[in-house]
Amino acid sequence: MKSVLYLYILFLSCIIINGRDAAPYTPPNGKCKDTEYKRHNLCCLSCPPGTYASRLCDSKTNTQCTPCGSGTFTSRNNHLPACLSCNGRCNSNQVETRSCNTTHNRICECSPGYYCLLKGSSGCKACVSQTKCGIGYGVSGHTSVGDVICSPCGFGTYSHTVSSADKCEPVPNNTFNYIDVEITLYPVNDTSCTRTTTTGLSESILTSELTITMNHTDCNPVFREEYFSVLNKVATSGFFTGENRYQNISKVCTLNFEIKCNNKGSSFKQLTKAKNDDGMMSHSETVTLAGDCLSSVDIYILYSNTNAQDYETDTISYRVGNVLDDDSHMPGSCNIHKPITNSKPTRFL
């Protein structure tokens, strides 16, 4: 049985490679069939895909066809003198969607994040990077050539990535995208401020009299501003985040404050909350006061979902001594006054 099958395959191969036994003929109506070509007014057999005409027909012998070699192809009936070369390997910003074989050319298309600037018969000839939507913008569609269309995130949605793929996402529940910390202290001298620093996981305000340090862990909103100003021996300071990242509800944003007086006082106390209007947002705080230089301290911490319809907030406060008015003067930085970011809640403006 195997020998019979082998002979049958060999017979078919002979038909393809040798162009059958039929001789070229003169067409009665002057037209050749679709699988034929005309040469010297004779209709001759074309070579099938995957082969080429190693010898054209004459009056007695039909076309002789030879298989294409590696890296070459023919994709249709032909009487070409040689097979066509496949396209080269795909570029680094492309993916191969069809490999080179004897009947098909290699096809390369653009990788994710790219779009085709120049289309060819065998895939894309030139891929370029898609536009990346900035923070606060999401992908809303694509142009006719495949570039990204960016649109601002509407109310109730947000985006905190720079991406050519991410869309605006619904604002998550029971979380926050903004943290505002206000610290008011008395008494402090007019010349006490020396510098402010931001160091990533630890924000600090240093003065000749005291140091305010805030350590934070697992907080997705990123702290980006701080200030310190003094008026009539009442100092006002604050720390603020941006609004482009939401807190991961599986993690607890933990803030640890230390207000340390730069004297030899040995007192040390951990403050308890004076006010706790917090709800379902995931956060935790501790406040430590070291030294004896301050008689009164107010600390307000506000967690906000600025995209929520009802402007969701959690407010935490701590107090030592008298109630201090932290709304009576414009915040500044080392005696250089500057306005607070427009995104600050009205409670602290």
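Each Cβ is built from the backbone N, Cα and C atoms, and glycine gets one as well.
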Disulfide-linked residue for Cys47, taking Swiss-Prot as the record, within Cys32, Cys65, Cys68: Cys65
Cross-link partner of Cys57 (disulfide, per Swiss-Prot) out of Cys43, Cys44: Cys44
Candidate in Cys68, Cys90, Cys100 joined to Cys86 through a disulfide, as Swiss-Prot lists it: Cys100
The repeat 'TNFR-Cys 1' (31-66) - residue tally per DSSP class, helix then strand then coil: 0 helix, 17 strand, 19 coil
Mean predicted confidence [pLDDT] for the repeat 'TNFR-Cys 2' (67-108): 96
Cβ neighbours within the same chain of Cys100 (disulfide bond) - under 8 Å, at least six residues apart: Gly71, Phe73, Cys86, Asn87, Arg106
Structural state of Asn215 (N-linked glycosylation site), classified by DSSP into three states: strand
